[in-house]
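Novice: So TrEMBL has the following annotated:
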- 11-357: domain 'Major facilitator superfamily associated' (DOMAIN)
- 44-62: transmembrane segment (TRANSMEM)
- 74-91: transmembrane segment (TRANSMEM)
- 97-117: transmembrane segment (TRANSMEM)
- 137-155: transmembrane segment (TRANSMEM)
- 161-182: transmembrane segment (TRANSMEM)
- 203-225: transmembrane segment (TRANSMEM)
- 237-262: transmembrane segment (TRANSMEM)
- 269-286: transmembrane segment (TRANSMEM)
- 292-310: transmembrane segment (TRANSMEM)
- 330-351: transmembrane segment (TRANSMEM)
- 357-377: transmembrane segment (TRANSMEM)
């Protein structure tokens, strides 16, 4: 595989590095910015839940537009630009309701950039032009660096530094979107979304539910780990390194991604992720001591990394190119919108009452996801066949 500047793998690696740098700052430390604005734990949980939940509506609509037109690059450029504009308006917000309104707009337009990038990358991987895990690991590495820098910055700067760091990296995302090749997929001319057909396909629906439950179990971690560990006496710099450590473990997993998929298959790998998540949240809820957290953070490789890798390969194997963006958005909307959004709403209430012990209830969705992942399901048709059948009848 060529490593030249013109190679698809290189440009997508740059894009992933920029995308995950935004997430590396935003995911651990955006709640700190919100708390700095005076929001309490319940308000932060509600805001994050609604912000992520808006993807349930926006992601499928954008993806359907992408599949109908066959367009990827220009949609990514447009939505990256709108995301920058909407995020810039946070500068003028001070109270809960204005922050919520801006958040809903921003989180409606930012996630489609990530979803379309995943679609482009997985289709390239399916065509054997690159290996997904090895492209994605550059994003994970960027997450580590961004989280560590943001954590260190917070030790000497006020929470407002998080805002400026995010918007600076979003500008880099925009540039990277402009750099990727304009490779159009075959257009799917259906005027209606074949979403219901996909959801009615039992194996695919079970896979979405299992993925959603496992990712929802991360809700307390995503929203309140930084605040919990800060309350336990750990510095922002140490917290940034703990987040970075989890993603470093994820990088190691992505290096061996194809071997893991070949050995376990997507469903069993997803079940393994659920089991690892249950162990992780049990341990994190019982101890906030630094040695324990250092050990437990390595499980991020399985609880998130293995789950995400399994989902990407499952979709790539089951869905044709002309419906790939719709399938990716369905995964994003259901798993990261519906399930994680609901988890974040619950997380705010749990953390306000239980503090660090709020990690313990997260064992339940993790184990449930593990069970659903290995639950025997069969169908006489593939999910791609059902989606195409609906597309053709509704054209």
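Cβ atoms are placed via backbone N, Cα and C, with glycine included.
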Novice: Where else in the chain does the transmembrane segment (97-117) make close Cβ contacts, counting only residues six or more beyond its ends and a cut-off under 8 Å?
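Specialist: Non-local partners: 12, 15-16, 19, 34, 37, 39, 47, 50-52, 54-55, 57-59, 62-63, 66, 72, 75-76, 79-80, 82-83, 86-87, 89-90, 173, 177, 325, 328-329, 332, 336.
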Novice: Quick check: do the transmembrane segment (74-91) and the transmembrane segment (161-182) share at least 3 Cβ pairs under 8 Å, counting only pairs 6+ apart in sequence?
Specialist: yes
Novice: What stretch of 44-62, 137-155, 330-351, 357-377 shows the most Cβ pairs under 8 Å to the transmembrane segment (269-286)?
Specialist: 357-377
Novice: Can you tell me which parts of the same chain pack against the transmembrane segment (44-62), counting only residues 6+ beyond its ends and a CB-CB cutoff under 8 A?
Specialist: 31, 34-35, 75, 79, 96, 99-100, 103-104, 106-109, 111-112, 115-116, 193, 195, 222-224, 325-326, 329-330, 332-334, 336-338, 340-349, 351-352
Novice: Between the transmembrane segment (237-262) and the transmembrane segment (292-310), are there three or more CB pairs that fall under 8 A, provided the residues in each pair are separated by 6 or more in sequence?
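Specialist: Yes, these stretches are in contact.
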